[in-house]
């Protein structure tokens, strides 16, 4: 079947008779790069063809007669030295022709290298029910001929060996196992590589689908758990407080399993900026108060999560992708937009603000991000201050 596929890639005029015209020996050989090959084309005497009228082609290009050898009236050889890797994984086309150009016979040459041991076998799960593994070919990676990689897995102490079947992930050297994985039981996983010149097998890694420890990161093989980004991310104002926003989100469905916890990160940026500020101390809560923001400003916010492990284990997984950006704006500061005609009152307010700014600046500093310190008193003071400014402005406009 492979020989027929190879020959079909370049088929000029061919004798239509069902009787075999000629044969090439060796037929469809596999050779290492740098090897030499002498092939012989022998025609059937009944055809009345003479070998000295024939010629050879490689991938459609005529080979020089200096490479030929006349072995008999019906046999013509060609010698190829220091062969390079095949130009196509399906093999190079070597053909002998009659003097008028008809194809008498053909052979596929598979010139390349045997596979080397696959390396960097890495696996991860998105929901503890599936498994995705990727690896890299050993050595330089290029074998020049078709090489098949097969991911294999089995339960460590029992169970039969299985082949991963879904290689349609869109990435080379990657395979996806969609389901039917056992929990609390270690698996052995490895990769077999095969081509016409040899075979190679990767190191066998042993992993448990619930073993998501970062201590594996220094090893040649990695297994970690990851998940989809948090969903339903909402960002809203905190009343009329102009320097704060509240962020709320939902846990990914995979983490709603009782076995798993998660920790979260938030990042946010100004609308006209590309610099993100990251909040690391969110923990496993699904809401956060951002403080110390600019008033009257649009912010973009994203959230991501990391599976921590089972039953409170501190072993971390792989951070998910960031959620889609969600935008919200802080209220404008009315104190900056409104003025006062009472100079003495303004001076008193200025002194009071200066003192309060020092105190609440300390509060704001110690409640940055999403820490557990209560800022209820600070919120109440800000609301009272803004209301008092509104009342005073209304009174001043009535007097005018």
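Every residue number used here counts from 1 along the chain in the order it is shown.
Backbone N, Cα and C atoms are what each Cβ position is placed from, and that goes for glycine too.
Note: TrEMBL annotation is automatic and uncurated.
Among the ranges 329-349, 350-370, 371-391, the stretch that TrEMBL annotates as region 'Disordered' is 329-349.
With DSSP states grouped into helix (H, G, I), strand (E, B) and coil, the domain 'Ig-like' (12-96) comes out at 9 helix, 37 strand, 39 coil. If you take every residue in the domain 'Fibronectin type-III' (229-333) and average the pLDDT, you get 83.
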